[in-house]
Every structure is written in C-alpha cells, then in structure tokens.
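Everything on this sheet refers to the single structure shown next.
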Amino acid sequence: MGSGLFKPRVHPDLRDVFSKMSFFDKIGFLFIHAFDKRNLWHKVPVPIGLLYLNTRRTLLEKYNLLAVGRSSHGALFDPKEFLYRTEDGKYNDPHNAEAGSQNTFFGRNMEPVDQQDELMSPDPFVVATKLLARREYKDTGKQFNILAAAWIQFMVHDWMDHMEDTGQIGITAPKEVANECPLKSFKFHPTKELPTNSDGIKIGHYNIRTAWWDGSAVYGNNEERAEKLRTYVDGKLVIGDDGLLLHKENGVALSGDIRNSWAGVSILQALFVKEHNAVCDAIKEEHPNLSDEELYRYAKLVTSAVIAKVHTIDWTVELLKTKTMRAAMRANWYGLLGKKIKDTFGHIGGPILGGLVGLKKPNNHGVPYSLTEEFTSVYRMHSLIPSTLKLRDPTGQPDANNSPPCLEDIDIGEMIGLKGEEQLSKIGFEKQALSMGYQACGALELWNYPSFFRNLIPQNLDGTNRSDRIDLAALEVYRDRERSVPRYNEFRRRLFLIPIKSWEDLTSDKDAIETIRAIYGDDVEKLDLLVGLMAEKKIKGFAISETAFNIFILMASRRLEADRFFTSNFNEETYTKKGMQWVKTTEGLRDVINRHYPEITAKWMKSSSAFSVWDADY
C-alpha cells in the first residue's frame with residue numbers, strides 16, 4: 001500500500017512508522033487511527049469496540065515487544081519433567097528455560113530514550129511538590145475501594161522489582177520548594193545497569209522477582225525464600241492462628257515478598273495462604289496418597305491461576321468499568337463463546353473464540369517473555385492510597401446507612417512497613433478487610449499523591465528498614481528518566497496514539513495547565529510520563545489513563561498467553577481434576593473471601609465485586 005495515498009489520513013507524527021508497516025498492518029493502523037482521531041472507540045457498540053481493541057493489540061504485539069539481552073535458546077528441556085511452577089520461574093517456556101525467571105532482564109515496549117543529561121530537568125522535587133503532592137483528597141466513588149488499591153500492589157509484589165546498585169546518590173530540593181518538601185534531600189540506590197551483550201538494546205536492568213504470574217508474592221522468588229514459608233505437612237504454608245502472616249523476631253512478615261509493603265498487601269498475602277492451604281485439603285481428599293511436595297505444587301498452580309483469574313475478570317473489569325472492557329477481559333479468559341461453552345466443552349477455536357487461557361501452546365510473539373520497563377512505569381499508582389482508613393466494626397450493628405459502624409480514623413502512614421504489621425496484628429483480618437472494602441480508594445489524578453510516601457522508610461530485600469528516608473514521589477519521576485523510559489508525548493507516539501500539541505490537549509483543568517506550564521514551559525515534549533498519566537483526560541468509567549491502558553492491552557494478554565501453565569498445561573493432568581474445578585468455580589475475589597470468611601460477605605458485602613465499595617448496588 002503506497003504511503004503517499006493515505007498520507008493525509010495519518011497524523012504527521014505517525015507517518016514515518018506507518019510508512020514502514022506491511023500492507024495488512026497499514027490497514028489495521030488506519031482502522032484504529034480513524035477512531036483515535038475522533039476519540040470514538042469507547043463510545044461505539046461493544047462488537048466494534050472489541051474489534052478496535054483486538055486490532056490495536058495485534059499491532060502492539062508486532063511492534064511493541066522488544067527483547068533485552070540474549071535469549072538462551074540452547075537451554076531446552078522436556079516440559080513433562082516440569083509440570084509445576086519452579087520457585088525461581090525457570091523451565092516455563094520450553095524454548096527458553098531462563099525466560100521470566102528471577103534476575104533476568106526487563107524487556108521493553110519501545111526503544112529507550114537516553115535522558116542522562118536530563119535526569120534533573122525539571123527538578124523531581126519541583127514536579128513532586130507542585131504537581132503530585134496531595135492537596136485535597138480525591139477518591140474514585142463507589143467504583144474502586146482500598147482493597148482494589150492493595151490488590152494492584154499485591155500484583156506488583158508478584159511481578160517486578162529492579163535490582164539496585166550498591167552505591168548511593170542523593171538529590172536536594174531547590175530553594176523554591178524546599179519549605180514544602182517533607183525531606184529537603186534524600187539518598188537512594190540507583191538502578192543497576194547491566195550490559196546485555198547482545199545486538200540492539202545495549203544496557204538493561206534485572207528484575208529480581210519472577211515475571212510470570214506465579215503468585216510469588218505468596219510463595220517467594222527462589223527456593224531459599226520458599227523453604228521458609230512451608231510447613232512440609234500436606235503441602236501447606238505457614239499462617240498464624242489469627243489468619244494473619246507469621247513474623248520473625250524482628251517483626252518482618254513471613255511471606256513471599258515483604259519488601260516495601262503495607263497492611264493492605266499483607267492481608268491479601270494471608271488470604272491467599274489460606275486459599276493455598278484449602279486447595280491442599282481439597283486435593284488431598286481426592287488423592288490421599290499424594291506427597292507433601294506434590295500437594296504443594298498442585299496448590300501453587302491452582303492458587304496462582306485463581307489470582308490471575310481474579311485480576312483478569314474481576315479487578316480489571318472494575319478498574320475499566322465499561323461494557324466493552326467487561327466483554328474484552330472475559331474474552332481474554334473465556335473467549336467470545338463465553339464461560340458456559342468453555343466450562344462444558346473446553347477450549348474451542350483460537351484465542352478469539354476460546355480465549356487465551358487453554359490455548360494448545362503458549363505464544364510469546366517471537367520475543368522471550370518478560371515484563372517491561374514501560375509496564376513498570378504505568379503501574380505507578382500510589383495515589384490510589386488514601387490518607388486515612390476508617391476502621392469499622394464487623395461485629396457491630398448496621399448504622400443509619402446500613403453500613404458497619406466506624407470506630408476510628410487511622411493514619412495509613414502508620415500502616416506501612418514494620419509499623420503496619422504491628423497495627424494489623426491488633427486490628428485483625430476481618431476488621432481490616434471490612435474497612436478497606438467499605439472505603440473508596442484515591443483517584444489517579446494530579447495533586448493526590450499521599451504525603452506519607454514523601455517521607456518514607458524504604459526497606460532492604462529482607463524486609464528490614466533502611467536508615468535513609470526517601471521522597472517516593474520525586475524518586476518515581478527520577479526512576480522513569482533514569483531507566484530511559486520515553487516522556488509522555490513520545491510514549492504516546494510509540495504506542496501509535498496521537499500526541500498532544502498543547503497542554504489543553506492533555507487536560508481541561510485550568511489550574512493544572514497553569515502549573516504544568518510554570519514547570520515545563522510550553523514544551524510538551526518535556527512532560528514527564530507520570531505527570532501526563534495523572535493529568536490526562538480519562539475515558540468515562542476508566543480509573544486509569546488511556547495511555548497507560550495501551551500497555552495494559554498488550555501486557556495483560558501476554559501474561560496469560562506466553563505462560564504454558566495458562567495454555568498448553570492448563571489441564572487436569574497438570575492441575576488435577578479438583579484443581580481445575582476450583583479455578584473454574586472462582587469468578588472473583590468475593591468468592592475467595594467468602595470461602596474463608598463467609599460471615600463477612602453474608603453480612604456486609606452488598607456489591608457484586610469485592611473491589612467495588614461494598615455498599616455499592618452493582
């Protein structure tokens with residue numbers, strides 16, 4: 001297809017990439033581009049919206065999956081010898097034993113943009129103070145609660161953490177904002193840069209967590225950690241009599257990933273320890289002769305699949321609350337034929353009709369599986385956390401609004417790290433979960449970043465506290481620059497999205513425009529990614545920006561279809577019949593909570609999803 005013929009129809013900034021596409025890719029691009037120019041795809045009937053999303057995903061899979069580092073194609077193995085998830089993530093991809101394992105490179109969704117000369121431009125302290133720091137708290141209404149905020153942090157503890165360098169660097173707040181900063185300066189470890197020893201991208205960063213959706217926030221990322229969490233009886237994990245995580249003498253929780261956590265993540269880790277142990281009991285009842293190791297492996301597979309399913313068809317559906325996205329996310333799991341057909345007849349057809357889960361073989365689209373730098377960047381969602389938690393009484397009588405009575409307000413800053421574990425032990429699971437369920441989380445917008453994160457005690461890998469506090473808001477701005485993630489406008493171009501020409505294209509908020517202009521001038525190319533994601537006009541029903549959503553489109557599907565335990569090995573032979581039935585009958589977090597705390601759901605959860613505020617009538 002001649003590029004010249006269609007040149008007037010393509011945005012000038014996207015003509016170069018368009019000209020290099022194949023004939024059929026150009027057709028697909030023109031289709032989505034027509035909707036993008038009119039901001040239409042989310043306003044059209046569901047079938048057309050699904051066609052748009054599938055076309056966009058297909059293009060992103062072709063142009064926005066970049067390998068970093070050499071692929072270990074020589075490390076072949078027999079998948080039948082590894083019908084279980086290894087602790088460090090190895091031996092999942094039959095053609096690349098190392099793919100997705102601990103201490104392998106983050107991939108890329110776009111070529112890196114070196115910003116070593118612009119690490120402090122504009123100053124991260126200024127950006128954090130003038131554009132991110134919370135002023136008047138904004139929440140998400142009934143759509144999304146604090147459990148939903150904790151859930152995505154629970155997932156991040158499963159997916160990704162960058163290896164740090166041993167040395168430290170420091171940054172100091174300029175005089176213009178120093179008096180408004182909780183910390184006037186702070187020290188931190190830079191991200192460790194490693195040579196990739198390959199063509200293409202020369203420098204990369206290691207992910208010290210396993211990139212697979214393998215429940216490593218519960219199980220750990222290596223054998224050393226996993227061994228400390230097991231009872232070695234009937235496949236079970238250690239858990240306190242109170243249903244909370246156990247702790248070492250120094251107060252550090254015993255769980256898969258405990259670094260830089262808070263009480264909200266801890267209760268989800270504890271809940272899924274109970275889920276794992278319940279799966280062990282159920283499978284043992286059907287197979288009484290299984291060993292401890294066999295029960296553990298089966299239960300880990302089942303529990304990891306439950307977590308992935310909850311995220312796919314429950315959490316994401318509430319995050320992106322539109323009819324089209326509900327259909328799209330359910331299609332990822334069940335296919336367009338739907339749950340009844342799939343549960344009755346199994347996987348039929350390809351990924352569209354039958355879904356990504358249960359495909360005959362995994363598909364990594366020719367690029368070794370990993371999570372990416374850009375994926376990390378769009379998951380910077382600390383503004384979801386409110387400043388205070390209204391503690392509610394699960395044993396009390398409903399108040400005038402038919403809600404559990406409030407006991408007190410707790411500063412969520414006191415629920416972070418080791419202090420948070422102490423608080424949680426006094427509060428208990430039921431009270432904590434109920435309180436988080438009944439309270440809306442923060443909105444992902446400008447001026448909504450919690451103040452306690454700007455004076456935060458970071459932790460070492462073993463969960464112990466470091467001596468130097470950090471300003472997390474300023475550090476997050478710095479991290480994207482340090483890791484060569486393109487700034488907002490270029491980020492959009494690389495995703496085939498129409499870039500902004502002025503601040504008015506970004507937002508209609510006059511105060512935001514004035515403040516952004518004061519910091520970045522009129523140069524829209526300087527806008528930091530995090531600021532753009534928070535400032536961007538949102539699609540109705542979306543709790544996140546459309547720009548971030550495009551990374552979701554690509555990577556949410558990839559986490560399922562590249563993993564053989566969600567594709568070729570998603571079967572009774574690998575999971576057991578009871579295990580498969582367990583996954584099939586779990587449709588959301590509500591089901592998991594109901595399994596272990598039925599009195600909470602029966603008395604207090606009126607919403608259909610545990611991620612909506614629990615008194616919501618939907």
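A Cβ is built for glycine as well, from the same backbone N, Cα and C atoms used for every other residue.
Summarising the annotation, Swiss-Prot assigns active site, proton acceptor to H157. Applying an 8 A CB threshold to same-chain residues 6+ apart, the list for H157 (active site, proton acceptor) reads R209, S216, A217, G256, D257, R259, S261, V265. When secondary structure is read from DSSP and collapsed to three states, H157 (active site, proton acceptor) falls in the helix class.
A simple way to gauge crowding: the CB of D214 (Ca(2+) binding site) has 30 other CB atoms within 10 angstroms, across all the protein chains here. What Swiss-Prot lists as Ca(2+) binding site is D158, T210, W212, D214, S216, and the listing cites experimental evidence.
DSSP classifies R483 (heme b binding site) as coil under the three-state reduction. Around R483 (heme b binding site), the same-chain residues at least 6 positions away in sequence with a Cβ under 8 Å from its Cβ are P112, H162, T191, H205, E373, T376, S377. As annotated by Swiss-Prot, heme b binding site applies to H162, H382, R479, R483.
What Swiss-Prot records for H311, E599 is hexadecanoate binding site. Its own atom aside, the Cβ of H311 (hexadecanoate binding site) has 22 Cβ atoms within 10 angstroms in the protein chains shown.
The sparsest Cβ neighbourhood within 10 Å, among the listed binding-site residues (D158, E599), is found at E599. When each of the binding-site residues T210, S216 is scored by how many other Cβ atoms sit within 10 Å of its Cβ, S216 comes out lowest. On a Cα basis, D158 (Ca(2+) binding site) lies 29 Å away from E599 (hexadecanoate binding site). Taking H311, H382, R479 as the binding-site residues under consideration, the smallest Cα distance to W212 (Ca(2+) binding site) is found for H311.
According to DSSP, H382 (heme b binding site) sits within a helical segment. Looking at H311 (hexadecanoate binding site) and D158 (Ca(2+) binding site), their Cα atoms lie 12 Å from each other. A helical conformation is recorded for E599 (hexadecanoate binding site) in the three-state DSSP classification.
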